[in-house]
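As given in TrEMBL:
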- 712-745: repeat 'TPR' (REPEAT)
- 12-31: transmembrane segment (TRANSMEM)
- 43-64: transmembrane segment (TRANSMEM)
- 76-95: transmembrane segment (TRANSMEM)
- 107-128: transmembrane segment (TRANSMEM)
- 140-158: transmembrane segment (TRANSMEM)
- 178-195: transmembrane segment (TRANSMEM)
- 204-221: transmembrane segment (TRANSMEM)
- 252-271: transmembrane segment (TRANSMEM)
- 353-375: transmembrane segment (TRANSMEM)
- 395-414: transmembrane segment (TRANSMEM)
- 420-440: transmembrane segment (TRANSMEM)
- 460-485: transmembrane segment (TRANSMEM)
């Protein structure tokens, strides 16, 4: 019986380690095209799911052995402290939903993910207790790097479509620059492993091919910052090679030195364009606005300084602290960014100074132990030893290679915003380093054993506690499975065209995850679209349309209750009210209140001010409308839409001269290539009819047509102008152009017939 029990314990121990390898192998490779975000959500669920299975089997092992075996590392207390700071930050977050559970449509660093990353570290340290396991783990990591590199090259270089990849470019991350950063440590470890003389031929070939594949990925992508990061890695590799000079391959050190020189050339002149492939452009927040927003968050109060705005809430920070300068960016001014340039800014703004200092402390603390191990291994207190011995442990050099790779990933925190795969890699290397230092004899891990007294009372309490833990693990697993199914159903609903099927799928998603703001928002939009389609019918059912609009408003309102500080949610609610206002006049007031709330959360957004102006104009409150149009223009001096609306407001308010001055100011500001502006300015002058106005109107309309030959309104206006001037030939010329663009328009056909009849 005892032998049988020991066999089960040994099996569970190996199975637990197997789950660690499974996480390493599958998380980078999993892409689920049936989800809204094919890269982030499935990787996060898979990562957490495998950890839950691991915890379940560890609980069973503890029950069978009646012992608690725990490998206590020097990082346990700092990590628990970091976790505590993250919890406080999330509890006092501006958006509890995002801070604890994250987002479906994009990745944000959330507390649940942080919790499982820390658990992942504990499991790694507990599992990697032999050099053999440690080596297998590192090799598994390199093997995955080689596979994803090969798949990327097959797609990019040989144009081979991969069924699992879909429209993506790689298996690791939807952002190619982040994928390249993920590949960088793989290249560093593979290249560094070839330094050892003692490596056998089979392993040497494996390392060499992984290095070539990963280097090929970096060359194909060709991002400039890659070479700066690689430069740091290669310098550290060469220093490491010099330290192990006695047991190193000198020719290979020469190769690494050549790579260092080539990297410097790439930094100065750029990598060869001929080797690069076209990849989708990436839009990210620049350094200046990222730092500006982060700084403003930190100095907006004591709570934000210490604990940030809450994990995963940079989107709220962006809305609240975006500067007016951002409104003048030619392409990104109307966009909302959910993440800063890099994870360092994210940690500062979302987690505050305490969370960031916690991360920095962990990095420095680990490096301190690494240097301590290195100096002890040198056997010398000064200079660089040339005789570090590899015979004591076959993994000594590899441990330091893992350190170099981890340092590279720490540098990456300053260049990229880390997603699921990058964070998992960062924490995996952290666990590998601590386990490796322990295997080298450094006192960073202590084995703790707690044996229970063999009495009925102790057995009952222990068994009950273990069952409670197992039940909690199962419950969390079931909850995660519900969330995953809900996300799949939601993504499928977005691909549907049948309104009944869309509503049914979204309702199913909400039944599985009722506190999702994005699900409620999507259902509100589905109701709105359905109501719009019904309203377009020949004899619409007003009761049915009203009922759908009411449902849309209710769903949008629920979304604001879930995420009361999300600007986009309030904007969506305002849209629901605006579309209801034709049937319920009071809805315009509700739309104004929703937009007011949105503008409080995002005070520098000119679009919100413009929409407020539009709603006041619908209420015939022209003065208020003009006020908000002016506010919109003050926020963005080149906002053409606001200028046009302001001019229209002056026109409605019988202040035509002011409207004319608005259009003049638009043209004087350099906006002369907007056909809508030119047409409306011409229309205003034509209707005013002062001396020279009609001639100016003609010039403006001709320019509008030159810029946009298919602009029907300008063509028709020119025809009308020439008709009134008695030039019927020119008038017919422009009327025929309008007819060609609008062949089914009876008015223009009748206009042409009447004009032709008059010429006979």
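Here the Cβ of each residue, glycine as well, is placed from N, Cα and C on the backbone.
Just so you know, TrEMBL annotations never went through curation; they're auto-generated.
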Interface check, the transmembrane segment (76-95) with the transmembrane segment (353-375), three or more C-beta pairs under 8 A: yes
Annotated stretches the transmembrane segment (12-31) and the transmembrane segment (252-271) touching (3 or more Cβ pairs under 8 Å): no
Best-contacting stretch, by C-beta pairs under 8 Å, relative to the transmembrane segment (460-485) and drawn from 43-64, 107-128, 353-375, 395-414, 420-440: 43-64
Interface present between the transmembrane segment (178-195) and the transmembrane segment (252-271) (three or more C-beta pairs under 8 A): yes
When counting Cβ pairs under 8 Å to the transmembrane segment (107-128), the leader among 43-64, 178-195, 353-375, 420-440: 420-440
Chain residues outside the transmembrane segment (43-64) and at least six past its termini with a C-beta under 8 angstroms from it: 5, 8-9, 12-13, 15-16, 19-20, 22-23, 26-28, 30, 102, 107, 112-113, 116, 119-120, 123, 420-421, 424, 462-463, 466, 469-470, 473-474, 476-477, 480-481, 483-484
Beyond the flanks of the transmembrane segment (353-375) by at least 6 residues, Cβ under 8 Å: 74-75, 78-79, 81-82, 85-86, 89, 243, 298, 305-308, 344, 347, 381, 399-400, 403, 406-407, 410, 430, 433-434, 437, 440, 442, 444
Residues of the repeat 'TPR' (712-745) by DSSP state, where helix covers H, G and I: 27 helix, 0 strand, 7 coil
Taken over the repeat 'TPR' (712-745), the model's mean pLDDT: 89
